[in-house]
(Lines of atoms letter the chains of each structure in order from A; the text may use other names.)
(Lines give C-alpha, C1' and ligand atoms only; values in the text may rest on other atoms or scores of the structure.)
Protein backbone atom coordinates (compact mmCIF):
# COMPACT_ATOMS: atom_id res chain seq x y z
CA UNK A 1 0.00 0.00 0.00
CA UNK A 2 1.01 3.59 -0.65
CA UNK A 3 1.36 6.14 2.18
CA UNK A 4 -0.70 9.50 2.23
CA UNK A 5 2.38 11.46 1.36
CA UNK A 6 2.91 9.22 -1.41
CA UNK A 7 -0.76 9.56 -2.36
CA UNK A 8 -0.58 13.35 -2.34
CA UNK A 9 2.56 13.41 -4.23
CA UNK A 10 4.10 16.02 -1.86
CA UNK A 11 7.63 16.07 -0.90
CA UNK A 12 8.63 16.32 2.76
CA UNK A 13 9.67 19.89 2.24
CA UNK A 14 6.30 20.82 0.86
CA UNK A 15 4.60 19.01 3.66
CA UNK A 16 6.63 20.95 6.24
CA UNK A 17 5.80 24.28 4.60
CA UNK A 18 2.11 23.46 4.68
CA UNK A 19 2.28 22.68 8.36
CA UNK A 20 4.11 25.94 9.06
CA UNK A 21 1.44 27.86 7.16
CA UNK A 22 -1.29 26.23 9.19
CA UNK A 23 0.49 27.12 12.40
CA UNK A 24 0.93 30.72 11.22
CA UNK A 25 -2.81 31.01 10.46
CA UNK A 26 -3.64 29.82 13.93
CA UNK A 27 -1.21 32.32 15.45
CA UNK A 28 -2.69 35.14 13.35
CA UNK A 29 -6.16 34.26 14.57
CA UNK A 30 -4.89 34.20 18.12
CA UNK A 31 -3.24 37.59 17.66
CA UNK A 32 -6.40 38.97 16.07
CA UNK A 33 -8.43 37.84 19.04
CA UNK A 34 -5.91 39.43 21.38
CA UNK A 35 -6.11 42.66 19.35
CA UNK A 36 -9.87 42.71 19.66
CA UNK A 37 -9.57 42.15 23.36
CA UNK A 38 -7.00 44.95 23.65
CA UNK A 39 -9.30 47.29 21.62
CA UNK A 40 -12.12 46.56 24.02
CA UNK A 41 -9.85 47.23 26.95
CA UNK A 42 -8.65 50.47 25.33
CA UNK A 43 -12.24 51.64 24.72
CA UNK A 44 -13.14 50.88 28.31
CA UNK A 45 -10.03 52.70 29.50
CA UNK A 46 -10.86 55.70 27.30
CA UNK A 47 -14.40 55.84 28.70
CA UNK A 48 -13.10 55.59 32.22
CA UNK A 49 -10.56 58.30 31.47
CA UNK A 50 -13.29 60.62 30.16
CA UNK A 51 -15.30 60.08 33.32
CA UNK A 52 -12.22 60.70 35.38
CA UNK A 53 -11.47 63.96 33.51
CA UNK A 54 -15.05 65.13 34.06
CA UNK A 55 -14.83 64.29 37.74
CA UNK A 56 -11.51 66.07 38.00
CA UNK A 57 -12.91 69.18 36.30
CA UNK A 58 -15.93 69.15 38.60
CA UNK A 59 -13.68 68.79 41.59
CA UNK A 60 -11.47 71.59 40.30
CA UNK A 61 -14.46 73.92 39.83
CA UNK A 62 -15.72 73.10 43.30
CA UNK A 63 -12.26 73.73 44.74
CA UNK A 64 -12.11 77.10 42.91
CA UNK A 65 -15.60 78.02 44.15
CA UNK A 66 -14.67 77.19 47.69
CA UNK A 67 -11.42 79.09 47.30
CA UNK A 68 -13.28 82.17 45.98
CA UNK A 69 -15.77 81.89 48.82
CA UNK A 70 -12.94 81.75 51.31
CA UNK A 71 -11.27 84.72 49.60
CA UNK A 72 -14.51 86.72 49.72
CA UNK A 73 -15.04 85.88 53.36
CA UNK A 74 -11.62 87.19 54.09
CA UNK A 75 -11.99 90.29 51.87
CA UNK A 76 -12.61 93.58 53.68
CA UNK A 77 -16.01 95.21 53.00
CA UNK A 78 -16.56 98.06 50.54
CA UNK A 79 -17.71 101.37 51.93
CA UNK A 80 -20.09 103.92 50.43
CA UNK A 81 -19.45 107.57 49.80
CA UNK A 82 -21.23 110.53 48.20
CA UNK A 83 -19.42 112.70 45.67
CA UNK A 84 -19.23 116.33 46.71
CA UNK A 85 -16.90 117.57 43.98
CA UNK A 86 -14.99 116.09 41.03
CA UNK A 87 -11.39 117.17 40.39
CA UNK A 88 -10.10 116.31 36.90
CA UNK A 89 -6.40 116.20 36.11
CA UNK A 90 -5.04 119.76 36.18
CA UNK A 91 -1.89 121.85 36.34
CA UNK A 92 -0.57 122.61 39.82
CA UNK A 93 -1.61 126.00 41.15
CA UNK A 94 1.01 128.34 42.63
CA UNK A 95 1.78 127.28 46.15
CA UNK A 96 0.14 123.85 45.71
CA UNK A 97 2.07 120.70 44.95
CA UNK A 98 1.68 117.00 45.30
CA UNK A 99 -0.44 114.33 43.71
CA UNK A 100 -3.67 115.42 45.43
CA UNK A 101 -3.44 118.85 43.78
CA UNK A 102 -2.82 117.62 40.22
CA UNK A 103 -4.14 114.07 39.68
CA UNK A 104 -7.74 113.00 39.12
CA UNK A 105 -9.57 112.86 42.40
CA UNK A 106 -12.94 113.35 44.01
CA UNK A 107 -14.07 115.04 47.18
CA UNK A 108 -16.46 112.69 48.93
CA UNK A 109 -18.47 112.43 52.12
CA UNK A 110 -17.79 109.16 53.89
CA UNK A 111 -18.58 108.10 57.45
CA UNK A 112 -19.21 111.65 58.57
CA UNK A 113 -15.97 112.96 57.10
CA UNK A 114 -15.13 114.95 54.01
CA UNK A 115 -12.20 113.38 52.14
CA UNK A 116 -10.33 113.67 48.86
CA UNK A 117 -9.79 110.22 47.32
CA UNK A 118 -8.39 108.81 44.11
CA UNK A 119 -10.11 106.87 41.33
CA UNK A 120 -9.43 103.37 40.08
CA UNK A 121 -7.95 103.28 36.55
CA UNK A 122 -11.09 101.37 35.51
CA UNK A 123 -13.38 104.26 36.56
CA UNK A 124 -14.02 107.12 34.12
CA UNK A 125 -14.31 110.43 35.93
CA UNK A 126 -16.54 111.80 33.16
CA UNK A 127 -19.21 109.23 34.04
CA UNK A 128 -19.47 110.44 37.63
CA UNK A 129 -21.64 113.35 38.86
CA UNK A 130 -21.95 115.29 42.07
CA UNK A 131 -24.39 113.87 44.60
CA UNK A 132 -23.85 110.35 43.24
CA UNK A 133 -23.00 107.43 45.50
CA UNK A 134 -19.75 105.49 44.87
CA UNK A 135 -18.07 102.33 46.17
CA UNK A 136 -14.72 102.61 47.99
CA UNK A 137 -12.26 99.80 48.55
CA UNK A 138 -10.13 99.26 51.65
CA UNK A 139 -7.66 101.87 50.41
CA UNK A 140 -10.55 104.37 49.98
CA UNK A 141 -10.17 104.31 46.22
CA UNK A 142 -13.30 104.78 44.09
CA UNK A 143 -13.85 101.48 42.30
CA UNK A 144 -17.45 101.88 41.01
CA UNK A 145 -20.14 104.50 40.52
CA UNK A 146 -23.67 103.87 41.79
CA UNK A 147 -26.94 105.78 41.61
CA UNK A 148 -28.45 108.45 43.86
CA UNK A 149 -29.79 107.96 47.35
CA UNK A 150 -33.55 107.27 47.03
CA UNK A 151 -34.48 108.36 50.55
CA UNK A 152 -34.11 111.71 52.22
CA UNK A 153 -35.82 114.60 53.95
CA UNK A 154 -38.52 116.52 52.12
CA UNK A 155 -38.07 120.24 51.58
CA UNK A 156 -39.76 122.90 49.45
CA UNK A 157 -37.84 124.99 46.95
CA UNK A 158 -38.11 128.65 47.91
CA UNK A 159 -35.56 130.32 45.63
CA UNK A 160 -32.83 129.42 43.16
CA UNK A 161 -29.34 130.71 44.02
CA UNK A 162 -27.51 130.55 40.74
CA UNK A 163 -27.39 127.47 38.56
CA UNK A 164 -26.31 124.88 41.13
CA UNK A 165 -27.63 126.03 44.51
CA UNK A 166 -31.09 126.55 45.99
CA UNK A 167 -32.74 127.93 49.10
CA UNK A 168 -35.19 125.39 50.54
CA UNK A 169 -37.61 125.33 53.46
CA UNK A 170 -37.73 122.17 55.55
CA UNK A 171 -39.32 121.11 58.80
CA UNK A 172 -40.54 123.82 61.14
CA UNK A 173 -39.96 126.38 58.34
CA UNK A 174 -36.20 125.93 58.70
CA UNK A 175 -34.38 127.46 55.74
CA UNK A 176 -31.11 126.13 54.39
CA UNK A 177 -28.97 126.37 51.27
CA UNK A 178 -28.38 123.12 49.39
CA UNK A 179 -26.47 122.16 46.28
CA UNK A 180 -28.18 120.48 43.33
CA UNK A 181 -27.16 116.96 42.38
CA UNK A 182 -26.27 116.04 38.83
CA UNK A 183 -29.77 114.64 38.30
CA UNK A 184 -31.36 117.99 39.20
CA UNK A 185 -28.95 120.16 37.22
CA UNK A 186 -30.55 118.88 34.01
CA UNK A 187 -34.13 119.54 35.20
CA UNK A 188 -36.15 122.74 35.23
CA UNK A 189 -37.04 123.57 38.80
CA UNK A 190 -39.62 126.09 39.95
CA UNK A 191 -40.58 127.65 43.24
CA UNK A 192 -42.78 125.34 45.29
CA UNK A 193 -41.29 122.08 44.00
CA UNK A 194 -40.74 119.37 46.60
CA UNK A 195 -37.14 118.16 46.77
CA UNK A 196 -35.54 115.20 48.51
CA UNK A 197 -32.41 116.41 50.31
CA UNK A 198 -29.55 114.68 52.10
CA UNK A 199 -28.98 116.74 55.21
CA UNK A 200 -25.54 115.17 55.81
CA UNK A 201 -24.04 116.15 52.45
CA UNK A 202 -26.16 119.25 51.82
CA UNK A 203 -27.31 118.02 48.40
CA UNK A 204 -30.79 118.08 46.87
CA UNK A 205 -31.06 114.66 45.24
CA UNK A 206 -34.30 114.51 43.27
CA UNK A 207 -37.61 116.21 42.58
CA UNK A 208 -40.54 114.56 44.35
CA UNK A 209 -43.98 114.79 42.70
CA UNK A 210 -46.65 115.81 45.20
CA UNK A 211 -50.07 114.84 43.91
CA UNK A 212 -51.94 116.73 46.64
CA UNK A 213 -50.44 119.98 45.32
CA UNK A 214 -50.69 119.22 41.60
CA UNK A 215 -54.37 118.32 41.90
CA UNK A 216 -55.15 121.73 43.33
CA UNK A 217 -53.82 123.58 40.30
CA UNK A 218 -55.11 122.40 36.92
CA UNK A 219 -53.06 124.04 34.20
CA UNK A 220 -54.77 123.98 30.83
CA UNK A 221 -55.06 126.01 27.69
CA UNK A 222 -58.82 126.65 27.35
CA UNK A 223 -60.42 126.33 23.94
CA UNK A 224 -63.68 128.12 24.79
CA UNK A 225 -64.38 131.43 23.08
CA UNK A 226 -66.95 134.13 23.73
CA UNK A 227 -68.90 132.85 20.71
CA UNK A 228 -69.46 129.54 22.53
CA UNK A 229 -71.34 131.31 25.33
CA UNK A 230 -74.97 132.15 24.76
CA UNK A 231 -77.27 134.62 26.45
CA UNK A 232 -74.59 136.69 28.21
CA UNK A 233 -73.85 139.38 25.63
CA UNK A 234 -73.95 142.43 27.98
CA UNK A 235 -71.85 140.70 30.64
CA UNK A 236 -69.27 139.56 28.07
CA UNK A 237 -69.04 143.08 26.69
CA UNK A 238 -68.44 144.45 30.18
CA UNK A 239 -65.69 141.91 30.83
CA UNK A 240 -64.00 142.53 27.48
CA UNK A 241 -63.94 146.25 28.18
CA UNK A 242 -62.39 145.64 31.59
CA UNK A 243 -59.82 143.01 30.57
CA UNK A 244 -58.96 143.35 26.89
CA UNK A 245 -58.84 147.12 26.50
CA UNK A 246 -55.92 147.56 28.93
CA UNK A 247 -54.15 144.68 27.24
CA UNK A 248 -54.68 145.95 23.69
CA UNK A 249 -54.08 149.64 24.37
CA UNK A 250 -51.67 149.94 27.31
CA UNK A 251 -50.30 153.22 25.95
CA UNK A 252 -53.73 154.86 26.12
CA UNK A 253 -54.21 153.64 29.69
CA UNK A 254 -50.83 155.03 30.71
CA UNK A 255 -51.66 158.30 28.97
CA UNK A 256 -54.88 158.62 30.97
CA UNK A 257 -53.31 157.40 34.21
CA UNK A 258 -55.39 154.22 34.36
CA UNK A 259 -54.31 150.83 35.63
CA UNK A 260 -55.54 147.49 34.39
CA UNK A 261 -57.87 145.68 36.82
CA UNK A 262 -56.30 143.02 38.98
CA UNK A 263 -59.34 140.84 39.31
CA UNK A 264 -62.93 140.13 38.37
CA UNK A 265 -65.74 138.76 40.51
CA UNK A 266 -68.44 136.80 38.68
CA UNK A 267 -71.43 136.25 40.91
CA UNK A 268 -74.88 134.91 40.36
CA UNK A 269 -76.98 131.74 40.56
CA UNK A 270 -75.41 128.34 39.82
CA UNK A 271 -75.18 127.03 36.28
CA UNK A 272 -75.31 130.37 34.47
CA UNK A 273 -71.88 130.38 32.82
CA UNK A 274 -69.41 131.86 35.30
CA UNK A 275 -66.74 129.22 34.67
CA UNK A 276 -67.24 129.40 30.90
CA UNK A 277 -66.66 133.16 30.96
CA UNK A 278 -63.44 132.73 32.94
CA UNK A 279 -62.12 130.22 30.39
CA UNK A 280 -63.13 132.44 27.50
CA UNK A 281 -61.21 135.34 29.08
CA UNK A 282 -58.03 133.23 29.14
CA UNK A 283 -58.54 132.14 25.53
CA UNK A 284 -59.21 135.68 24.35
CA UNK A 285 -56.17 137.07 26.16
CA UNK A 286 -53.99 134.44 24.49
CA UNK A 287 -55.29 135.39 21.05
CA UNK A 288 -54.65 139.08 21.70
CA UNK A 289 -51.18 138.36 23.08
CA UNK A 290 -50.32 136.31 19.98
CA UNK A 291 -51.46 139.17 17.74
CA UNK A 292 -49.36 141.71 19.61
CA UNK A 293 -46.20 139.63 19.80
CA UNK A 294 -46.50 137.95 16.41
CA UNK A 295 -45.90 134.58 18.10
CA UNK A 296 -48.68 132.23 17.05
CA UNK A 297 -47.46 129.58 19.51
CA UNK A 298 -48.01 131.81 22.55
CA UNK A 299 -50.27 129.96 25.00
CA UNK A 300 -52.55 131.07 27.77
CA UNK A 301 -52.89 129.31 31.10
CA UNK A 302 -56.02 128.77 33.14
CA UNK A 303 -55.25 127.85 36.74
CA UNK A 304 -58.50 126.31 37.95
CA UNK A 305 -58.33 126.28 41.74
CA UNK A 306 -60.44 123.63 43.44
CA UNK A 307 -61.43 125.86 46.32
CA UNK A 308 -62.58 123.47 49.07
CA UNK A 309 -59.59 121.15 48.50
CA UNK A 310 -57.25 123.97 49.47
CA UNK A 311 -58.42 123.68 53.06
CA UNK A 312 -56.05 121.61 55.17
CA UNK A 313 -56.24 120.57 58.80
CA UNK A 314 -52.61 121.54 59.37
CA UNK A 315 -51.98 125.17 60.22
CA UNK A 316 -50.27 127.06 57.42
CA UNK A 317 -50.79 124.45 54.69
CA UNK A 318 -53.66 126.31 53.00
CA UNK A 319 -51.61 129.50 52.98
CA UNK A 320 -48.68 127.57 51.49
CA UNK A 321 -50.91 126.29 48.69
CA UNK A 322 -52.07 129.83 47.92
CA UNK A 323 -48.47 131.04 47.75
CA UNK A 324 -47.67 128.12 45.46
CA UNK A 325 -50.55 129.00 43.15
CA UNK A 326 -49.44 132.58 42.67
CA UNK A 327 -45.80 131.54 42.32
CA UNK A 328 -46.92 129.22 39.52
CA UNK A 329 -48.87 132.08 37.93
CA UNK A 330 -45.87 134.42 38.06
CA UNK A 331 -43.69 131.73 36.50
CA UNK A 332 -46.08 131.18 33.60
CA UNK A 333 -46.58 134.91 33.05
CA UNK A 334 -42.88 135.72 33.04
CA UNK A 335 -42.55 134.85 29.33
CA UNK A 336 -45.50 137.02 28.28
CA UNK A 337 -48.19 134.33 28.44
CA UNK A 338 -51.55 135.47 29.86
CA UNK A 339 -52.48 133.67 33.07
CA UNK A 340 -55.95 133.52 34.60
CA UNK A 341 -56.14 132.37 38.23
CA UNK A 342 -59.72 131.17 38.68
CA UNK A 343 -61.15 130.58 42.17
CA UNK A 344 -64.43 128.71 41.88
CA UNK A 345 -66.80 128.76 44.87
CA UNK A 346 -64.79 131.64 46.30
CA UNK A 347 -67.07 131.98 49.32
CA UNK A 348 -65.95 128.56 50.59
CA UNK A 349 -62.40 129.84 51.10
CA UNK A 350 -62.46 133.57 51.60
CA UNK A 351 -65.53 134.24 53.70
CA UNK A 352 -65.81 137.27 55.93
CA UNK A 353 -63.42 137.03 58.86
CA UNK A 354 -65.10 136.38 62.18
CA UNK A 355 -68.16 134.65 60.73
CA UNK A 356 -66.93 131.07 61.11
CA UNK A 357 -69.13 128.93 63.33
CA UNK A 358 -66.62 126.20 64.24
CA UNK A 359 -63.29 127.56 63.00
CA UNK A 360 -61.44 130.75 62.24
CA UNK A 361 -59.21 129.59 59.37
CA UNK A 362 -60.37 132.52 57.25
CA UNK A 363 -58.52 134.91 59.56
CA UNK A 364 -55.21 133.78 58.00
CA UNK A 365 -56.35 132.61 54.55
CA UNK A 366 -57.92 135.94 53.58
CA UNK A 367 -54.83 138.04 54.45
CA UNK A 368 -52.67 135.62 52.46
CA UNK A 369 -54.82 136.12 49.36
CA UNK A 370 -54.85 139.88 49.86
CA UNK A 371 -51.07 140.01 49.97
CA UNK A 372 -50.80 137.87 46.85
CA UNK A 373 -53.31 139.97 44.90
CA UNK A 374 -51.46 143.13 45.87
CA UNK A 375 -48.29 141.41 44.72
CA UNK A 376 -49.76 140.88 41.26
CA UNK A 377 -49.54 144.64 40.70
CA UNK A 378 -46.16 144.39 39.02
CA UNK A 379 -47.32 141.66 36.60
CA UNK A 380 -49.20 142.67 33.48
CA UNK A 381 -50.23 139.18 32.42
CA UNK A 382 -51.94 137.78 35.54
CA UNK A 383 -55.59 138.36 36.39
CA UNK A 384 -57.59 136.85 39.23
CA UNK A 385 -61.17 135.77 38.56
CA UNK A 386 -63.46 134.65 41.36
CA UNK A 387 -66.85 132.99 41.03
CA UNK A 388 -69.46 132.64 43.72
CA UNK A 389 -73.20 132.34 44.21
CA UNK A 390 -72.91 133.79 47.74
CA UNK A 391 -70.98 136.99 47.17
CA UNK A 392 -72.42 138.37 50.40
CA UNK A 393 -70.25 135.89 52.34
CA UNK A 394 -66.92 136.95 50.76
CA UNK A 395 -64.70 139.17 52.90
CA UNK A 396 -65.20 142.85 51.95
CA UNK A 397 -61.44 143.44 51.86
CA UNK A 398 -61.23 141.16 48.81
CA UNK A 399 -64.05 142.94 47.01
CA UNK A 400 -62.81 146.48 47.49
CA UNK A 401 -61.53 148.47 44.49
CA UNK A 402 -57.90 147.73 43.74
CA UNK A 403 -58.29 143.98 44.25
CA UNK A 404 -61.31 142.51 42.53
CA UNK A 405 -62.06 145.73 40.66
CA UNK A 406 -64.72 144.50 38.24
CA UNK A 407 -67.86 142.87 39.60
CA UNK A 408 -70.16 141.27 37.05
CA UNK A 409 -73.50 139.77 37.96
CA UNK A 410 -74.46 136.77 35.85
CA UNK A 411 -78.25 136.80 35.73
CA UNK A 412 -80.53 133.90 34.97
CA UNK A 413 -81.35 133.87 31.25
CA UNK A 414 -84.56 135.51 30.06
CA UNK A 415 -86.49 134.17 27.05
CA UNK A 416 -84.20 135.88 24.52
CA UNK A 417 -81.05 134.64 26.25
CA UNK A 418 -82.50 131.13 26.57
CA UNK A 419 -83.16 131.08 22.80
CA UNK A 420 -79.55 132.08 22.21
CA UNK A 421 -78.36 129.25 24.45
CA UNK A 422 -80.64 126.75 22.73
CA UNK A 423 -79.12 127.74 19.38
CA UNK A 424 -75.70 126.70 20.73
CA UNK A 425 -76.93 123.13 21.26
CA UNK A 426 -79.59 122.67 18.57
CA UNK A 427 -77.61 123.12 15.37
CA UNK A 428 -78.51 122.42 11.71
CA UNK A 429 -76.09 119.50 11.53
CA UNK A 430 -78.29 117.39 13.84
CA UNK A 431 -80.68 114.80 12.35
CA UNK A 432 -84.29 116.06 12.41
CA UNK A 433 -87.50 114.11 11.92
CA UNK A 434 -89.05 114.17 8.47
CA UNK A 435 -92.41 115.44 9.76
CA UNK A 436 -90.80 118.47 11.42
CA UNK A 437 -88.78 119.22 8.28
CA UNK A 438 -91.89 118.84 6.13
CA UNK A 439 -93.67 121.57 8.11
CA UNK A 440 -90.99 124.00 6.90
CA UNK A 441 -90.56 122.68 3.34
CA UNK A 442 -87.33 120.92 4.22
CA UNK A 443 -85.61 124.10 5.46
CA UNK A 444 -83.33 122.91 8.27
CA UNK A 445 -82.63 126.38 9.69
CA UNK A 446 -86.33 127.24 9.75
CA UNK A 447 -87.00 123.96 11.55
CA UNK A 448 -84.35 124.77 14.15
CA UNK A 449 -85.74 128.26 14.71
CA UNK A 450 -89.27 126.90 15.14
CA UNK A 451 -88.10 124.24 17.61
CA UNK A 452 -86.22 126.79 19.68
CA UNK A 453 -89.13 129.22 19.69
CA UNK A 454 -91.69 126.64 20.80
CA UNK A 455 -89.40 125.21 23.46
CA UNK A 456 -88.66 128.66 24.91
CA UNK A 457 -92.37 129.51 24.90
CA UNK A 458 -93.07 126.31 26.85
CA UNK A 459 -90.31 127.04 29.37
CA UNK A 460 -91.23 130.69 29.95
CA UNK A 461 -94.99 130.32 30.01
CA UNK A 462 -96.67 131.78 33.10
CA UNK A 463 -99.77 129.59 33.07
CA UNK A 464 -100.72 127.45 36.05
CA UNK A 465 -98.88 124.39 34.71
CA UNK A 466 -95.57 126.22 35.21
CA UNK A 467 -96.24 127.47 38.74
CA UNK A 468 -93.42 126.31 40.99
CA UNK A 469 -93.24 128.11 44.35
CA UNK A 470 -95.24 130.59 46.34
CA UNK A 471 -93.04 132.64 48.65
CA UNK A 472 -94.12 134.82 51.54
CA UNK A 473 -91.93 137.75 52.55
CA UNK A 474 -91.39 139.18 56.00
CA UNK A 475 -93.74 142.09 55.26
CA UNK A 476 -96.59 139.69 54.42
CA UNK A 477 -96.46 140.04 50.62
CA UNK A 478 -96.64 136.87 48.52
CA UNK A 479 -95.22 136.15 45.10
CA UNK A 480 -95.71 133.28 42.67
CA UNK A 481 -92.50 131.96 41.15
CA UNK A 482 -92.52 129.98 37.92
CA UNK A 483 -90.07 127.49 36.51
CA UNK A 484 -88.63 130.22 34.30
CA UNK A 485 -87.42 131.99 37.43
CA UNK A 486 -85.02 129.09 38.07
CA UNK A 487 -83.83 128.46 34.53
CA UNK A 488 -80.11 128.49 33.73
CA UNK A 489 -77.74 127.63 30.94
CA UNK A 490 -77.07 124.27 32.57
CA UNK A 491 -80.81 123.52 32.60
CA UNK A 492 -81.07 124.41 28.90
CA UNK A 493 -78.20 122.07 28.07
CA UNK A 494 -79.81 119.32 30.12
CA UNK A 495 -83.12 119.78 28.29
CA UNK A 496 -81.43 119.41 24.90
CA UNK A 497 -79.49 116.35 26.07
CA UNK A 498 -82.71 114.73 27.28
CA UNK A 499 -84.40 115.41 23.95
CA UNK A 500 -81.50 113.83 22.05
CA UNK A 501 -81.72 110.72 24.25
CA UNK A 502 -85.44 110.47 23.53
CA UNK A 503 -84.70 110.70 19.79
CA UNK A 504 -82.15 107.88 20.05
CA UNK A 505 -84.61 105.67 21.97
CA UNK A 506 -87.30 106.27 19.33
CA UNK A 507 -84.84 105.29 16.61
CA UNK A 508 -83.99 102.04 18.40
CA UNK A 509 -87.59 101.07 19.21
CA UNK A 510 -89.71 102.39 16.32
CA UNK A 511 -87.10 103.23 13.65
CA UNK A 512 -88.25 106.88 13.74
CA UNK A 513 -85.07 108.79 12.99
CA UNK A 514 -84.44 112.39 13.96
CA UNK A 515 -85.07 114.99 16.67
CA UNK A 516 -88.66 116.22 17.04
CA UNK A 517 -90.26 119.16 18.78
CA UNK A 518 -92.17 116.64 20.92
CA UNK A 519 -88.84 115.40 22.28
CA UNK A 520 -87.90 118.93 23.40
CA UNK A 521 -91.29 119.66 24.98
CA UNK A 522 -91.23 116.33 26.79
CA UNK A 523 -87.69 117.06 28.00
CA UNK A 524 -88.85 120.42 29.41
CA UNK A 525 -91.64 118.73 31.39
CA UNK A 526 -89.35 116.00 32.71
CA UNK A 527 -86.64 118.49 33.65
CA UNK A 528 -89.10 120.61 35.63
CA UNK A 529 -90.54 117.53 37.29
CA UNK A 530 -87.09 116.62 38.61
CA UNK A 531 -86.92 120.04 40.26
CA UNK A 532 -90.09 119.47 42.30
CA UNK A 533 -88.18 118.29 45.36
CA UNK A 534 -85.20 120.59 44.90
CA UNK A 535 -86.25 123.69 46.90
CA UNK A 536 -84.60 123.54 50.29
CA UNK A 537 -87.06 125.00 52.78
CA UNK A 538 -85.01 124.38 55.92
CA UNK A 539 -83.81 127.97 55.69
CA UNK A 540 -85.76 129.82 52.98
CA UNK A 541 -83.67 132.96 53.21
CA UNK A 542 -80.35 131.17 52.65
CA UNK A 543 -81.90 129.15 49.82
CA UNK A 544 -83.13 132.34 48.19
CA UNK A 545 -79.67 133.91 48.30
CA UNK A 546 -78.13 130.96 46.47
CA UNK A 547 -80.95 130.72 43.94
CA UNK A 548 -80.68 134.37 43.08
CA UNK A 549 -83.96 135.61 44.62
CA UNK A 550 -82.55 138.31 46.86
CA UNK A 551 -84.37 141.23 48.35
CA UNK A 552 -87.03 141.14 51.06
CA UNK A 553 -86.45 138.43 53.63
CA UNK A 554 -88.40 135.23 52.90
CA UNK A 555 -90.19 133.54 55.77
CA UNK A 556 -92.39 130.93 54.08
CA UNK A 557 -92.24 128.77 50.96
CA UNK A 558 -95.10 126.72 49.53
CA UNK A 559 -94.19 124.21 46.86
CA UNK A 560 -96.99 124.41 44.30
CA UNK A 561 -95.98 121.31 42.34
CA UNK A 562 -95.97 119.11 45.44
CA UNK A 563 -99.37 120.47 46.34
CA UNK A 564 -100.73 119.40 42.97
CA UNK A 565 -99.37 115.91 43.54
CA UNK A 566 -101.41 115.61 46.70
CA UNK A 567 -98.47 115.88 49.04
CA UNK A 568 -97.91 118.36 51.81
CA UNK A 569 -98.27 121.78 50.16
CA UNK A 570 -95.59 123.48 52.24
CA UNK A 571 -94.78 124.43 55.77
CA UNK A 572 -93.72 127.48 57.70
CA UNK A 573 -90.05 127.54 58.66
CA UNK A 574 -88.65 129.25 61.73
CA UNK A 575 -85.76 131.32 60.37
CA UNK A 576 -84.46 132.96 63.54
CA UNK A 577 -80.66 132.72 63.17
CA UNK A 578 -78.75 130.82 65.80
CA UNK A 579 -75.70 132.20 67.57
CA UNK A 580 -72.88 132.74 65.13
CA UNK A 581 -75.01 131.96 62.07
CA UNK A 582 -74.42 134.22 59.08
CA UNK A 583 -77.34 134.85 56.74
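Yeah, the Cβs are placed from backbone N, Cα and C, and that goes for glycine too.
What Swiss-Prot says about this one:
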REGION    1-22  region 'Disordered'
COMPBIAS  1-19  compositional bias 'Polar residues'
COILED    24-75  coiled coil
BINDING   271, 272, 273, 274, 275, 276  ATP binding site
Cβ-Cβ neighbours of residue 274 (ATP binding site) (radius 10 Å): 25
Residue, out of the binding-site residues 271, 273, whose Cβ gathers the largest set of other Cβ atoms within 10 Å: 273
Additional residues around ATP, ordered along the sequence, whose Cβ is within 8 Å of the centroid of 271, 272, 273, 274, 275, 276: 266, 268, 270, 277, 387, 410, 488, 489, 490
Position of peak Cβ density within 10 Å, selected from the binding-site residues 272, 276: 272
Protein Cβ atoms within 10 Å of residue 275 (ATP binding site), excluding its own: 18
Assigned conformation of residue 273 (ATP binding site) - DSSP reduced to three states: coil
Segment-level pLDDT (mean, integer) for the coiled coil (24-75): 87
